[in-house]
Amino acid sequence: MSLTMSFMIRRSASRLCPARQRHASASQIISTPYFHFHLTRRLLSVNSEVSSSSAPAQPAAAASAAAASPSTASSSTKYSKTSAGTGDPAGLGATNTNFSTRGPVTWPALGLVSIVAASAVAYYKIERERRLENAMGKIVSSELGWSPNPELLARRKYVRTQWGWFPKEDAFGGAGKPAIGGPWSLVDLDGNLVTNKSFEGKWTLLYFGFARCPDICPSEMVKIGKVMDILKKDHPELHKNIQPIFVSIDPARDSLKALRDYAKDFHPSYVFLTGAPQQVQAMAKKYRVYMSKADETEDGDYLVDHSIVVYFHDETGDIADCFTQSMRPSDVVEKVVERMTFVPKY
């Protein structure tokens, strides 16, 4: 190294100094500023050349190592994994103890949330059932019963079962019976006052018509007579508890005498009723009977359009069923027997 430095000093001195200073001593040459500047540049240049000449040796060594163990390189590539979730996000090969591998949501936390949610839902259902049961007990335990719309649906009595409050079961099912019927008062063929209370304890078949009806009313009344005959033959115990009733919707012409003459053509068990026009209209309104007076003829005769329905009541006077014109006598008998022998489950 000392020889190299001495050579560099001599060479630099020969380049920097004029011809008259070439034979000067080494101490004199080193003391000049030009010498210091040039020597520093030269040393930096030598260091960079040495570094560049030694750098290619490292790739060569790595290549030789890879060639010597190809199986090791391939196996490391085959079994390599990502650094996500390993505590080494930078992939430096070292575990960072300050890096958490758990996310913000864990299974215990989810389980706790599920338990709390289920408990809240169960509490809501229990509280709702309790309040509903208390409200139903206050509303429907009265003798009159309860209806969401008394003008359309009749009031229904409720009973408390092991499953809670339920409407008293009847032949109309869960929908409930229509709000048909109510208190009324008329007179019979003997002029006696008759009300809805007069038939308590009997099942009634109620029909609205008029004595001068040419075809429909007689046909329906004959059908009811056949029903009574069939019941008397096949179900005598039920027959004696049924009362057919005819109510005139034409009180202006259906006098007591006219009705007596009219009654002779039909079943003897019929009860014929009439009354003042206001009484008949009030009763027809409660049963939602359609009535319309047609145009009069030249001789003063006219017809009355009306509903063709037979109303079947139970022994308490409540509506039990309705029979339309299309039903045959056997169909009516089947329904009557079904209603009269119906036994509620609760």
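Yeah, the Cβs are placed from backbone N, Cα and C, and that goes for glycine too.
As given in TrEMBL:
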type	residues	note
COMPBIAS	72-84	compositional bias 'Low complexity'
REGION	72-92	region 'Disordered'
DOMAIN	166-342	domain 'Thioredoxin'
BINDING	C213, C217, H306	Cu cation binding site
DISULFID	C213-C217	disulfide bond
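For the binding-site residues C213, C217, the largest tally of other C-beta atoms within 10 A is found at C217. A simple way to gauge crowding: the CB of H306 (Cu cation binding site) has 20 other CB atoms within 10 angstroms, across all the protein chains here.
Summarised as a single figure, the pLDDT of the domain 'Thioredoxin' (166-342) averages 90. Same-chain residues that are not part of C213, C217, H306 yet have a Cβ within 8 Å of the Cβ center of the Cu cation site turn out to be F208, G209, F210, I216, E220, I249, V304, I308.
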